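Annotated in Swiss-Prot:
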ACT_SITE  24  active site, proton acceptor
ACT_SITE  101  active site, proton donor
BINDING   75, 81, 88, 102, 103, 112  substrate binding site
SITE      19  site 'Transition state stabilizer'
């Protein structure tokens with residue numbers, strides 16, 4: 001079995017550290033990547049960390065993960081609330097997917113309360129800040145053990 005975990009980040013997450021630090025905190029996406037790589041290594045995973053602002057690229061990465069990864073952590077950003085394409089891409093693969101959000105989407109604007117991705121994912125972690133990514137890695141370790 002593969003030990004690869006692909007961490008996929010959607011639109012605007014490249015702006016972490018600058019964008020609304022009161023909501024998302026001060027960590028950059030690179031900081032979160034470092035946390036994931038280190039935590040993943042401790043769990044026996046090789047973590048590949050990616051970000052794109054383009055929905056089709058995220059779909060392609062999910063398809064790729066279905067071919068070669070043990071699991072996926074995805075923060076779809078705003079696509080969570082609109083993307084049937086991401087929902088369908090997750091349903092198309094057997095690789096377990098954990099959805100992550102830095103903020104608690106249920107405590108924010110009403111349009112953020114519903115995720116189109118969640119029904120297709122194994123589970124969702126939200127509201128724990130950047131540590132949610134590490135939590136997702138631990139969940140995948142449990143799921144894939």
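Each residue, glycine too, has its Cβ placed from N, Cα and C.
Given the structure is predicted, the values throughout are model-derived calculations rather than measurements.
Structural mapping of features recorded in Swiss-Prot.
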residue : record                             : Cβ contacts under 8 Å, 6 or more apart
19      : site 'Transition state stabilizer' : 12
24      : active site, proton acceptor       : 16, 102, 103, 129
75      : substrate binding site             : 8, 9, 10, 13, 99, 100, 101, 102, 133
88      : substrate binding site             : 120
**Q.** In three-state DSSP terms, the structure that residue 81 (substrate binding site) belongs to
**A.** helix
Q.
Among all protein chains shown, how many Cβ atoms are found within 10 Å of the Cβ of residue 102 (substrate binding site), not counting that one?
A. 23
Q: Pick the one among the recorded positions 81, 101 whose Cβ has the fewest other Cβ atoms within 10 Å in this structure.
A: 81
(Q) I'd like the number of other C-beta atoms within 10 A of the C-beta of residue 103 (substrate binding site), please. (A) 18
Q) Does DSSP give residue 102 (substrate binding site) helix, strand or coil? A) coil
